[in-house]
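K.L.:
Got a structure here, written out as C-alpha cells. Questions coming.
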Amino acid sequence: MEDSEGTDGTEEDGCRAGGWFHVEAIITHGQRQVSSDEDEDETETGEDLDFIDNRVPGDGQEIPLQLYAQQTAQDDEATVQALKRKFVASPLSACSCIENDLSPRLDAISLNRKSEKAKRRLFETEPPDSGYGNTQMVVGTPEEVTGDEESQGGRPVEDQEEERQGGDGEADLTVHTPQSGTDAAGSVLTLLRSSNLKATLLSKFKDLFGVGFYELVRQFKSSKTACADWVVCAYGVYYAVAEGLKKLIQPHTQYAHIQVQTSSWGMVVFMLLRYNCAKNRDSVSKNMSMLLNIPEKHMLIEPPKLRSTPAALYWYKTAMGNGSEVYGETPEWIVRQTLVGHSMEDEQFRLSVMVQYAYDHDIVEESVLAFEYAQLADVDANAAAFLNSNCQAKYVKDAVTMCRHYKRAEREQMSMSQWITFRGNKVSEEGDWKPIVRFLRHQGVEFVSFLAAFKLFLKGVPKKNCIVFYGPADTGKSYFCMSLLQFLGGAVISYANSSSHFWLQPLSDSKIGLLDDATPQCWSYIDIYLRNLLDGHPVSIDRKHKTLLQLKCPPLMITTNTNPLEEDRWKYLRSRLTVFTFKNPFPFASPGEPLYPINNANWKCFFQRSWSRLDLNSPEEQDDNGNTGEPFRCVPGDVARTV
C-alpha cells in the first residue's frame, strides 16, 4: 500500500520511520496554535518549504537520491568504524595483527582463525597505541620523553593523561617526565628503574665506550672468589667525585687506569684496578660504593681477561690516549701480550723442563705437579707455555711417568748406606738421637741388641730381613715404625688388600716396607704364602698391567698384638722373625705431646751417631767408588761455542 504524502501518517508508519517525525513542530491551522518547542516571534522565511518531499512518484529522481543515501551511509559507517577501532580494540583485528607481526607469510596461508592466546611481538619495537589517551610507561632515556611531550592533537601530555578509575583491577598508568632542573643522580635513580638493570647498564656501556663489557672481562659466578685485578664501571657519579677519584683510590691500589665519560645519566667511570691485596667482588663493591657515593647495584664489577690479547691491547691503547688517567706500574699480563720484546720471548712448551721440576721437588703425583707448575706461569716461560697448551693432561701424565722412572732407577742403583745419606740430606733441621734410645729403654728393649738386629736388618741378611714389634695396644709400636718409614721413604702394605694380586706391588718401589697390625689371619697367610718374602730371597711380585717382577724383598717391619713365637701353628716362622716386645704404654708429656719425640731430624742424628756401629759405608768411600756427586739433570745444557 502506498504511503500518503506529508507527515499525517498512521502510528505504525511513524514507528517504521524510526519515530523521529514526532519531534516536528505541529501547528493547528484552524486555531493558529503554535507548539511549545517553536518560537512565537520567529517569522517564516520559507527556507523549510523543501523539507517535505511532495514530489510526484515516478518522476525519475529516485535513483540519484538512493545512491547519495547509500554513499552517505557508507561514509558514516566508515567514520564510526574508525572511531571504534581507535577506542575499542577488536578481538579479531588484534589477533590478526599479532599473527601478522609474527609471520606475515604464515598468516597469509592460514585457512581459519587460530587460538587467541597472547603471543610475543617479534618485530614491533614500540608498544601500540591503546586508544585511551597518551598513557606512557617508564621511559629508558630522556630523549624518548622529550619526543613525546605533545600528542597528535598538539595538546600537552598532562592534558591528555587519563587515569583509570573503578574496579577493573588495572593499575593507573602515569607519565614520568624528568624536569629540566633535576640533577644527574636523581635522573639515574629514575632511569635505571627498569626490569633488567644489568642489561641496561651493559647497553649504555657499549654506547659510551664502543666495546662490549664482557669482551674485556671474565665472569666470576661467585662473589667470594678473590682476585687482585678488577674492572669496575660505575654509573651516576658526581662530577666532583669523578675528578678526585685518582687521589681517593691511590691508598687502596697499586695500579689504576681510569676513564670518565659524560652521559645523560651523569658521569660514568670505567676503571682497571690492581689492589694491594686480593679482594672478592663484595669487598670491591663496598669499597667503590663508599668512595663514589653510589649504590652497589649501579656498578659492573668483574675481573679482567688475563690471557686475551685484544683485551690487553685495549688497555694498552687507551692508556696512551689523553682520555685516561693512569698511575702505577702496568700489570705484567698487559706487558707480556703487548710489548714486542715480551712477545718474542714466548716459547713452546718443553716437557724436559717440567720433568726436571718434578724430579727436583720429588713430585710423583699428577695432581700435585699440575697445580704447583701452573702457579709458576707468572715467573716461568715454560709454565706459561704449559698453560697455553691444549694438552696439559697429557704433559702432566708424561712428566710424572718419566719422573717415576728416573726415581726408580736412581733408587735401585743406591745401596742402603747411600740411600740413608740421600734421605738425610733432605732434612735440614738438627735433631737429637737420645729420645729414640730413651724410648727403647722405656719399653725394656736393650739398645745393644737392637743395634745388632738393626744392622742385619738394613743389610738384608737372609733370615734376618724381618723385625717384628709385638705388644699390647697403645704402646707406640706404629709410632716408632712409621717415623722410621717416613725418614727412609718406605712403603706400607695392608693385609686388607690381600685378596688382590697386586697388594705387594708397593714393595717394588721402596727400600723398606711396613705391614702394620698383623692379625692371626695375617700370620697364617704369611706362613702359607710369604715365607720366602721374610727370608729376604728373590721373589716374584705381580704388578698391575705389567709383567711379573722378580726382586729381593726389601727389609720389612711388622707390628702386631699377637706373638708369633708362642703359637705352634707358626713354628716355621720362628727362624725368620726377630721380635722386640713393647710392654709399657706410650708416655705423654702433655695431652697430645709425646714425652719422647721421634721425627726425621732425630732419626738423621741417630744414624749419624750410630753409623759405624751399623757398619754403613762412609760418604768418602761412596765418592771413591765412582759417585760423581753431581745432581741428576734431564734437561740438555747449553753448549758454549767459540766463534
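Any Cβ shown, glycine's included, is placed from N, Cα and C.
Residues annotated as region 'Disordered' in Swiss-Prot: 28-58, 119-138, 143-181, 617-643. Annotation source Swiss-Prot lists compositional bias 'Acidic residues' at 36-51. Per Swiss-Prot, the feature phosphoserine maps to Ser90, Ser103. What Swiss-Prot records for 102-111 is motif 'Nuclear export signal', and it gives sequence analysis as the kind of evidence. According to Swiss-Prot, the feature region 'DNA-binding region' maps to 180-346. Under the heading domain 'SF3 helicase', Swiss-Prot lists 445-595, citing sequence analysis as support. According to Swiss-Prot, the ATP binding site annotation covers Gly471, Pro472, Ala473, Asp474, Thr475, Gly476, Lys477, Ser478, on the basis of sequence analysis. According to Swiss-Prot, the feature SUMO cross-link maps to Lys552.
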K.L.:
What does DSSP say about Lys477 (ATP binding site): helix, strand or coil?
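P.N.:
It is helical.
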K.L.:
Hey, how far is Gly471 (ATP binding site) from Lys552 (SUMO cross-link), Cα to Cα, in Å?
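P.N.:
Rounded to the nearest whole number, the Cα-Cα distance is 29 Å.
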K.L.:
At the Cα level, what's the spacing in Å between Lys477 (ATP binding site) and Lys552 (SUMO cross-link), rounded?
P.N.:
26
K.L.:
Using Cβ atoms only, which residues of the same chain lie under 8 Å from Ala473 (ATP binding site) while being at least 6 residues apart in sequence?
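P.N.:
The list for Ala473 (ATP binding site) reads Asn561, given in order along the sequence.
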K.L.:
Which three-state DSSP class does Lys552 (SUMO cross-link) fall into?
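P.N.:
DSSP call for Lys552 (SUMO cross-link): strand.
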K.L.:
Please list, in sequence order, the residues in the chain of Lys552 (SUMO cross-link) that are at least six apart in sequence and whose C-beta is under 8 Å away from its C-beta.
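P.N.:
Residues satisfying the criterion: Gly460, Gly536, His537, Pro538, Val539.
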K.L.:
Using other CB atoms within 10 angstroms as the count, which residue among the binding-site residues Pro472, Gly476 scores least?
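P.N.:
Counting other Cβ atoms within 10 Å of each of the binding-site residues Pro472, Gly476 gives the minimum at Pro472.
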K.L.:
Same-chain residues six or more away whose CB lies under 8 A from the CB of Thr475 (ATP binding site)?
P.N.:
Gln443, Phe582, Lys583, Asn584, Pro585, Phe586
K.L.:
Under 8 Å Cβ-Cβ from Asp474 (ATP binding site), six or more apart in the same chain: what's there?
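P.N.:
Asp474 (ATP binding site) has long-range Cβ partners Pro585, Phe586.
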K.L.:
Around Ser478 (ATP binding site), which residues of its chain at least 6 apart sit with Cβ under 8 Å of its Cβ?
P.N.:
Asp516, Asp517, Thr559
K.L.:
So of Gly471, Lys477, which of the binding-site residues has the fewest other Cβ atoms within 10 Å around its own Cβ?
P.N.:
Gly471
